[in-house]
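Notes follow once the structure below has been shown.
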Amino acid sequence: MKILVCITHVPDTTSKIQFTADNTKFDTTGVQFIIGPYDDYALARAVELRDQTSGKLTVLNVGESETEPTLRKALAIGADEAIRVNASPKDSFFVAEQIAHYAKEGGYDLILMGRESIDFNGGMVHGMVGEILGMPSFSPVMKLDLDGTSVTMSREIEGGKEVVEASLPLIAGCQEPIAEWKIPNMRGIMSARTKPLNVVEPVSEETQAVAVKYELPPAKGAVKLIDKDNVSELVKLLKNEAKVL
Amino acid sequence: MSVLVYIEHAEGKVKKTSLEAVSFANALAAKTGEGDVVALALGAIDQAELAAVGKAGAAKVLQVSDSRLDAGVIQAHATAVAQAFEKAGASTVVLAKSSLGDAVAARLSIKIKAGLVSNVVELPNTDGGYLVKRSIYTGKAFAETSLTTANKILAVKKNAVDLKTDGGDAAVEALEVSIPDSDFASKIVSTERATGEVLLPEADIVVSGGRGMKGPENWGMIEDLAKTLGAATGCSKPVSDMGWRPHHEHVGQTGVKVAPSLYIAIGISGAIQHLAGVNSSKCIVVINKDPEAPFFKAADYGIVGDAFEVVPKLNEALKAEL
Ligand SMILES: Cc1cc2nc3c(=O)[nH]c(=O)nc-3n(C[C@H](O)[C@H](O)[C@H](O)COP(=O)(O)OP(=O)(O)OC[C@H]3O[C@@H](n4cnc5c(N)ncnc54)[C@H](O)[C@@H]3O)c2cc1C
Ligand SMILES: Nc1ncnc2c1ncn2[C@@H]1O[C@H](COP(=O)(O)O)[C@@H](O)[C@H]1O
């Protein structure tokens with residue numbers, strides 16, 4: 001079976017978010033980049049399914065050359081080959097068009113993505129790719145099991161979950177607890193150096209919704225502490241000052 | 001022209017976030033002159049509920065009574081919305097961000113060739129262009145997004161506008177759509193949903209517990225407090241990882257993002273990944289025995305103390321006041 005996992009290259013979850021150039025650019029100073037945490041779940045499950053089916057696992061990122069260490073890490077975790085679409089990911093539609101094109105060329109049976117990217121948090125790319133390719137798409141998926149070409153998934157809904165049955169090919173946006181994150185071991189890291197990482201060019205340039213300016217939320221004022229033996233004071237403040245009761 | 005709103009409902013009841021989306025659309029139409037707000041309800045819906053849709057600002061409700069649409073089958077819903085969009089002669093679709101809403105919006109954007117902006121936090125700025133402010137980096141920042149397509153989809157975050165309650169009566173019209181069988185190829189075989197509880201992503205007040213609660217047997221006091229407040233209960237990631245609470249209650253970067261008026265965090269340290277899920281709350285109260293807990297820096301009000309002592313007292317004080 002051929003599996004494609006689409007990964008993002010995003011600031012570590014503890015990063016301080018700042019902007020430069022008159023708030024038009026993300027400030028990468030001191031920021032460590034990682035595989036998106038949801039993409040990491042998708043990758044972990046994909047490695048298991050590749051092993052289960054003796055298949056082939058490809059990872060893909062739409063990004064410029066600085067994302068290659070992140071792709072190498074995915075290879076170290078267990079992917080067989082990597083593709084980098086050489087372009088800055090301008091918006092979800094642009095990214096979806098690139099992924100759809102290379103996914104079609106590759107003829108994948110299963111495409112796993114993260115539930116959402118943790119930079120722009122759209123949660124949209126999987127659905128867009130699904131519609132472009134005429135494939136069903138599901139998100140957020142917490143469990144995905146294969147039996148031949150039948151797929152059983154558990155999808156999170158508000159306040160619970162639903163069990164969905166579908167058949168390959170399909171696309172899933174993954175989240176925990178679909179699999180445990182995998183940490184690359186020494187052998188993985190060594191072999192990742194020689195696995196193929198192919199750079200391809202974007203197939204279209206069209207964008208629809210591009211971020212033009214960034215802004216940080218206003219700084220929070222200092223906390224008001226209330227004595228633990230005077231909790232009714234808190235109730236009064238919530239009622240009369242914050243007006244949230 | 002008109003603004004179409006995709007309405008979600010659970011067991012026949014319209015979701016509050018969908019009513020907010022109607023109010024958002026109403027304010028948007030007033031601003032852009034796009035005409036009426038038309039709400040779209042798919043599947044069986046409680047007729048009495050439609051009155052609320054009118055009050056929230058819809059002039060008309062299109063109702064597709066196809067029992068296959070009662071469940072949220074993603075592809076079929078996307079097809080139905082696309083057809084309603086054409087028939088209503090709409091230019092913009094507004095919907096509330098949700099597990100189903102996101103999945104439908106993404107497919108819809110390709111079907112109707114509409115640019116899509118998600119996590120929208122306020123009405124667009126239309127002086128000269130079409131700039132939409134959305135939340136990014138899990139609430140740590142905002143982006144002004146330039147939407148350049150003729151058709152548009154806005155997936156709205158909770159609390160982006162105030163809920164309107166003084167609208168008129170919406171005219172209800174039946175709508176026929178034709179959905180190919182292939183859209184129903186995947187089957188929802190079972191659904192498990194907490195009933196009778198306030199749903200976390202939609203809740204106006206959330207009471208959350210962390211590892212400081214020591215064990216699942218101590219959740220009674222969290223639930224009691226939530227009950228007094230009409231609140232939903234949440235938790236930190238380790239709490240759901242250890243199986244003390246179900247996964248859908250886990251709040252944060254990798255869990256549910258909430259945006260209530262009031263978030264009460266009990267025995268939670270306030271790790272940056274937890275804060276990422278709560279930073280859109282209007283007011284945050286932290287109860288923690290460690291005065292150095294990082295959560296206090298993100299809080300509006302705090303009590304330094306033992307949860308096992310403070311929470312029951314707080315519950316009593318609230319009961320006396322409410
Ligand atoms: C990629 C990534 C994603 C993550 N995503 C999430 C996420 O989505 N959500 C999330 O929550 N975490 C997430 N985490 C984990 C996060 O980093 C923290 O480990 C977690 O939030 C800590 O949970 P906690 O505050 O319940 O536990 P702890 O950090 O153990 O804190 C317990 C707190 O309880 C207090 N306490 C103890 N006893 C009492 C008492 N009797 N009364 C009052 N207070 C008491 C302590 O002072 C302490 O502050 C993520 C981590 C990573 C690396
Ligand atoms: N630039 C990108 N390259 C590869 N995959 C991506 C990219 N952006 C988004 N994705 C995939 O799409 C998922 C959803 O992203 P988003 O719609 O941006 O929240 C992510 O978790 C990734 O799996």
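For all residues, glycine too, the Cβ spot is worked out from N, Cα and C.
Predicted automatically and left uncurated, TrEMBL annotations should be read as such.
For B:3-188, the entry in TrEMBL reads domain 'Electron transfer flavoprotein alpha/beta-subunit N-terminal'. Taken from TrEMBL, the feature FAD binding site applies to B:Arg211, B:Gly267, B:Ile268, B:Ser269, B:Gly270, B:Ala271, B:Ile272, B:Gln273, B:His274, B:Asn288.
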List, in sequence order, the same-chain residues at least six positions removed whose CB sits under 8 Å from that of B:Gly270 (FAD binding site)?
B:Val286, B:Asn288, B:Ala293, B:Pro294, B:Phe295, B:Phe296, B:Lys297, B:Ala298
Using a Cβ cut-off of under 6 Å to any atom of ligand 1, determine which of the binding-site residues B:Arg211, B:Gly270, B:Ile272 qualify.
B:Arg211
What does DSSP assign B:His274 (FAD binding site), in three states?
helix
Residues that sit under 8 angstroms from B:His274 (FAD binding site) by C-beta distance, when 6+ apart in the chain:
B:Gly210, B:Ser236, B:Lys237, B:Val251, B:Gly252, B:Gln253, B:Ile268, B:Phe295
Neighbour count, 10 Å Cβ-Cβ cut-off, for B:Arg211 (FAD binding site): what number do you get?
17
Look at each of the binding-site residues, B:Ile268, B:Ile272, and point out the one with the fewest other Cβ atoms around it within 10 Å.
B:Ile272
For the FAD site made of B:Arg211, B:Gly267, B:Ile268, B:Ser269, B:Gly270, B:Ala271, B:Ile272, B:Gln273, B:His274, B:Asn288, how many Å separate the two farthest Cα atoms?
18
From the binding-site residues B:Arg211, B:Ile268, B:Gly270, B:His274, keep only those with a C-beta under 8 angstroms from any C-beta in chain A, and list them in sequence order.
none
